[in-house]
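Student: As listed in TrEMBL for this protein:
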DOMAIN    6-174  domain 'Flavoprotein'
BINDING   Gly13, Ala14, Thr15, Thr39, Ser90, Ile91, Arg92, Ser93, Arg125  FMN binding site
BINDING   Tyr155, Arg171  dimethylallyl phosphate binding site
Amino acid sequence: MSITQRLVVGISGATGIAYGVRVLELARKAGVETHLVVTPAAQQTRAYETSLSARDLAAMADVTYRPADIGAAIASGSFRTAGMIVAPCSIRSLSAIAHAGNDNLLTRAADVTLKERRRLVLLVRETPLTLAHLRAMTAVTEMGGVVMPTVPAFYLKPRSVDDIVDHTAGRALDLLGIDVADLPRWGE
Ligand SMILES: Cc1cc2nc3c(=O)[nH]c(=O)nc-3n(C[C@H](O)[C@H](O)[C@H](O)COP(=O)(O)O)c2cc1C
């Protein structure tokens, strides 16, 4: 298995679980092997925001791990991956990642991604932002992570929420060099 075909996906408990779902769908379509961890708070947003069961969500990935499974493959740097996307990324998970607080498998896998100098993309979702939020984003950026707030691009004239989610999820995969078919692009 080539490492460019393996992606870790974390889903944390910010609103917008649709972003994580779409990342999984697009990665599967692109032939990428996905390794998923969903936090307990994200299981709550899944129940509020989607009609998916926990089992449905787990089945969207090739491998799904329990957040408490700190000995899972993705907790080790020797398990090679192209990188990790956290979609959506809560402020709690962002803060834990910013301070290497490896308190569950999502934050541990993110820390491993940073320490191995692999691509880490955080689709942070909160507004308005406090200085603590901004400092955590700065810390992650200084360590080489990419903070990608879930902000729509209106110049593409989205006609639905799905269009907005598709574009953001596709751009997140772009950041890992994963080719997403039919992603609307300016000038193309
Ligand atoms: C419906 C709902 C929406 C939430 N939206 C956000 C949000 O947009 N951003 C955020 O940082 N936290 C949000 N939270 C709070 C997080 O779920 C909470 O801070 C949790 O501890 C995050 O844990 P996790 O990072 O382990 O998933 C929301 C919670 C609920 C129940």
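Cβ coordinates are placed from backbone N, Cα and C, and glycine is handled just like the others.
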Student: Pick out which of the binding-site residues Arg92, Arg125, Arg171 has the most other Cβ atoms within 10 Å of its own Cβ.
Tutor: Arg125
Student: Near ligand 1, meaning Cβ under 6 Å from any of its atoms: which of the binding-site residues Gly13, Tyr155, Arg171 fit that description?
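Tutor: Gly13, by Cβ distance under 6 Å.
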Student: Sort Tyr155 (dimethylallyl phosphate binding site) into helix, strand or coil using the DSSP assignment.
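Tutor: In three-state terms, Tyr155 (dimethylallyl phosphate binding site) counts as helix.
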Student: Largest pairwise Cα distance, Å, within the listed FMN binders Gly13, Ala14, Thr15, Thr39, Ser90, Ile91, Arg92, Ser93, Arg125?
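Tutor: Those residues reach a largest Cα separation of 15 Å.
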Student: Other residues near the FMN site, CB within 8 A of the CB centroid of Gly13, Ala14, Thr15, Thr39, Ser90, Ile91, Arg92, Ser93, Arg125?
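Tutor: So the extra residues in range turn out to be Ser12, Ala41, Ala42, Pro88, Cys89, Leu94, Glu126.
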Student: What does the structure give for the C-alpha distance between Arg125 (FMN binding site) and Arg171 (dimethylallyl phosphate binding site)? Integer Å is fine.
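Tutor: Arg125 (FMN binding site) to Arg171 (dimethylallyl phosphate binding site), Cα-Cα distance: 16 Å.
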Student: Measuring Cα to Cα, how many Å separate Tyr155 (dimethylallyl phosphate binding site) from Ser90 (FMN binding site)?
Tutor: 27
Student: Could you round the CA separation between Gly13 (FMN binding site) and Arg171 (dimethylallyl phosphate binding site) to a whole angstrom and send it over?
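Tutor: Here the two Cα atoms lie 21 Å apart.
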Student: Please work out which residue of Thr15, Ser90 has the most C-beta neighbours within 10 angstroms of its C-beta, and give that one of the binding-site residues.
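Tutor: Comparing the binding-site residues Thr15, Ser90, the most crowded Cβ belongs to Ser90.
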Student: According to DSSP, which of helix, strand or coil covers Thr15 (FMN binding site)?
Tutor: coil
Student: Just name the most isolated of the binding-site residues Gly13, Tyr155, going by other Cβ atoms within 10 Å of its Cβ.
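Tutor: Taking Gly13, Tyr155 as the binding-site residues, the minimal 10 Å Cβ count falls on Tyr155.
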Student: Return only the integer: C-alpha distance in Å from Thr15 (FMN binding site) to Arg171 (dimethylallyl phosphate binding site).
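Tutor: With the alpha carbons as reference points, the distance is 19 Å.
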Student: Taking only the Cα atoms, work out how far Arg92 (FMN binding site) lies from Arg171 (dimethylallyl phosphate binding site), in Å, as a whole number.
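Tutor: Distance between the two Cα atoms comes out at 23 Å.
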